[in-house]
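**Student:** What TrEMBL shows for this protein is this:
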- 2-130: domain 'Response regulatory' (DOMAIN)
- Asp58: 4-aspartylphosphate (MOD_RES)
Amino acid sequence: MHLLVAEDNVVNQKLMTRIVLRTIGGCTLSIVNNGQECLDYLASPPEICPRPDIILMDSIMPVMDGFEATRIIRTVPPFSTDVQLRRTPIITMAPPGLPLPLRRYVQEHDGLLSKPIRVSHLKRLLLQHSRFQPQHVPGVGMVMAPVWSPVAIRAFSGPRSRL
């Protein structure tokens, strides 16, 4: 599973990298510093910038915030016409006291991850929105492996468009 993390704070970038790599094996990350860099990343060829399975988007960043970047991804071509990108979940990362006018934008996102980040909440959101499931690999621990079995597809409780 490949995650794209849009986060402007270097400490939070390192923390997110450490949390993901230590708790969810088999994941890779790409980190960008703001919404504009996120759009630039997504506009790049997949050979250069691998397509993310999930985007973790900070809500408040310089240059372009996460709300504006999400709006563009969901509504403006070429992003909105990319079938794979249209199905990619965007989880917003927001401070605990997110102002009420900004809360309405969270509805455009597929999930909300409150800061400070709790590992259990992050893992739950990643499992809920991914097309992967945890599997135990001897000597490695838990890794995320693709889910393609009919049993797993029938058990999926989210929208069928996410499969």
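Cβ from N, Cα, C; glycine included.
Where the annotation comes from TrEMBL, it is an automatic prediction and has not been curated.
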**Student:** Including all protein chains shown, what's the count of other C-beta atoms within 10 A of the C-beta of Asp58 (4-aspartylphosphate)?
**Tutor:** 27
**Student:** For the domain 'Response regulatory' (2-130), jot down how many residues DSSP puts in helix, in strand and in coil.
**Tutor:** 58 helix, 25 strand, 46 coil
